[in-house]
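These features come from Swiss-Prot:
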- B:4-130: domain 'CMP/dCMP-type deaminase' (DOMAIN)
- B:Asn45, B:Val46, B:Glu47, B:Asn48, B:Ser49, B:Ser50, B:Tyr51: substrate binding site (BINDING)
- B:Cys56, B:Cys90, B:Cys93: Zn(2+) binding site (BINDING)
- B:Glu58: active site, proton donor (ACT_SITE)
Protein chains: 4
Amino acid sequence: MNQEELEKCIDAAQNSQQYAHCPYSHFRIGAALLTSCGKIFTGVNVENSSYGLTICAERTAYTKAVSEGYKSFKGIVVASDLKDRFITPCGACRQFGVEFGDFEVVCVKPDRSTFKSSTHKLLPGLFSQEDLIAKAEQDERECKAQN
Amino acid sequence: MNQEELEKCIDAAQNSQQYAHCPYSHFRIGAALLTSCGKIFTGVNVENSSYGLTICAERTAYTKAVSEGYKSFKGIVVASDLKDRFITPCGACRQFGVEFGDFEVVCVKPDRSTFKSSTHKLLPGLFSQEDLIAKAEQDERECKAQN
Amino acid sequence: MNQEELEKCIDAAQNSQQYAHCPYSHFRIGAALLTSCGKIFTGVNVENSSYGLTICAERTAYTKAVSEGYKSFKGIVVASDLKDRFITPCGACRQFGVEFGDFEVVCVKPDRSTFKSSTHKLLPGLFSQEDLIAKAEQDERECKAQN
Amino acid sequence: MNQEELEKCIDAAQNSQQYAHCPYSHFRIGAALLTSCGKIFTGVNVENSSYGLTICAERTAYTKAVSEGYKSFKGIVVASDLKDRFITPCGACRQFGVEFGDFEVVCVKPDRSTFKSSTHKLLPGLFSQEDLIAKAEQDERECKAQN
Ligand SMILES: [Zn+2]
Ligand SMILES: [Zn+2]
Ligand SMILES: [Zn+2]
Ligand SMILES: [Zn+2]
């Protein structure tokens, strides 16, 4: 993301926070996902009375983009109301992000100060689709060896 | 949903199926969520190499609508490629739906034939926000009784 | 479950509630899952700071049993602290349960009064493994028809 | 974990793989979680026809331990069948693990070779309960400031 894109994404992420559905945590998170072609998809956390079904802002943004046909991303910005610390994506959102490759992840405070990382940096030694493919290939080799 | 709305939603749900990210199940699902004010939000299943992080088409549609400020719905249409049976929402999506009240759920086959139900019918004796509220009220009563 | 089994499961479910990890909801749930051979596996809700990763008491009990080699069940008892209403399984737990067939689900209040249902009754028109199998069979038929 | 504990955990994790419920991925994972007091809890992946409800081996082990009253851990061993690469925990399991602090995470191949890391190393800049506490404290400060 260049500076102009980053600023736009911060605006979008912070603006979307108002739509968070967070009656349980009261924690308003907004996200803005920038596609490789320059389109922005926002997301908010959508909580559920059965806590385990809660979906974070980042995953909302990812599914939104995918459902419109976009799977290639430049970066994602995550905005919270916390003034004294950066809120980073939870492990679930980190895993959800790497499904679409390595791209920037920027956490932003209300004063627009940022912490910059990337999907791959946030999930060192990550588990991915390559593991499933490696497993399938190993199974095939062993199957052939037996026959 | 009236007939015209239903037809539009079926079109939207079936059209969105092409965007499903389903390299693991190869099961393309599309959803179309109709807001009370007549707006349609589509959704697709977005799978993940860690299967447990997969998000279904219905939940994609719900989070999408919420993230744009819509929380009141007339109904949701769910489209699959299965010709011989209706694919109904999984339990996770049923629970996610009731968070926003009781509204129509329509499952549709490729030939546009439908199975009609509702969020509340699909989750009899449902667990909901009311349970959390009842718990909080009970805790408060007991707390006062002790003091 | 016969009456003796039910009483044992209620004891086990209510006794396990003390182990719930629920710093966010303060909602202590306990479950007791009875295998077909008479073994009881207990479960509690294990919440997470990222709400969406929370696992309910019922799913804890199911995974526990499966991890010890048990997949055939007579019933599950779910105990809460709510005095005025029965707490039923959330949609996620309902879906998780039907993976292992149709069996009794009993919700119990602190006074041991019960609400009895079953995994299939709680998820009418359920989505299941049969749907995935039907999809695979359809794909195979269509593949053959093309060749 | 000392060497003896590690060997025991590898045995337990690899032995539990046989119980994995993985009709969809055919990926058998076993986990062995060592409590601070020396008890071992095993876990397996329990998949679901609705992929998104799948629970991994690590989370099975964590919920199992918690449901028996154990929340303090020395380490967790994760075993897969992959011979050529180490399978690391997915993001969901990483987040689930840090709920209980910083402890060893050891990934093991069938030949017992290991890759050693820790819950905190696997989730750099992690999101945790401290974030929720910081949010609550900020809300309280701002509430007081307004009154
Ligand atoms: Zn998250
Ligand atoms: Zn679903
Ligand atoms: Zn549940
Ligand atoms: Zn995992």
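Think of each number as a place in line: the chain as shown, counted from 1.
Note that Cβ sites are derived from N, Cα and C of the backbone, with glycine treated the same way.
Features per Swiss-Prot, on structure.
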residue: B:Asn45; record: substrate binding site; DSSP class: coil
residue: B:Tyr51; record: substrate binding site; DSSP class: helix
residue: B:Cys56; record: Zn(2+) binding site; DSSP class: coil
residue: B:Cys90; record: Zn(2+) binding site; DSSP class: coil
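Among the recorded positions B:Cys56, B:Glu58, B:Cys90, B:Cys93, the residue whose Cα lies closest in space to that of B:Ser49 (substrate binding site) is B:Cys56. When the domain 'CMP/dCMP-type deaminase' (B:4-130) is classified with DSSP, helix, strand and coil residues number 40 helix, 31 strand, 56 coil. Figure note: comparing Cβ neighbours within 10 Å for the binding-site residues B:Val46, B:Cys90, B:Cys93, the maximum is reached by B:Cys93. Closeness to chain A is evaluated for the recorded positions B:Val46, B:Tyr51, B:Cys56, B:Glu58, B:Cys90, B:Cys93 by Cβ distance, with values under 8 Å counted; counted residues in sequence order are B:Val46. Listed binding-site residues (B:Asn45, B:Glu47, B:Ser50, B:Cys93) with a CB under 8 Å from any chain C CB: B:Cys93. B:Val46 (substrate binding site) has B:Cys56 as its nearest neighbour among the recorded positions B:Cys56, B:Glu58, B:Cys93, going by CA to CA distance. Closest to B:Cys90 (Zn(2+) binding site) by Cα-Cα distance, out of the binding-site residues B:Asn45, B:Glu47, B:Asn48, B:Tyr51, is B:Asn45.
Here the recorded positions are B:Val46, B:Tyr51, B:Glu58, and the ones sitting under 8 angstroms from chain D, going by CB atoms, are B:Tyr51. Checking the binding-site residues B:Asn45, B:Val46, B:Glu47, B:Asn48, B:Cys90, B:Cys93 against ligand 2, the ones with a C-beta less than 6 Å from an atom of that molecule are B:Cys90, B:Cys93. Per-residue pLDDT, averaged across the domain 'CMP/dCMP-type deaminase' (B:4-130), gives 97. B:Glu47 (substrate binding site) and B:Cys56 (Zn(2+) binding site) have their C-alpha atoms 8 Å apart, to the nearest angstrom.
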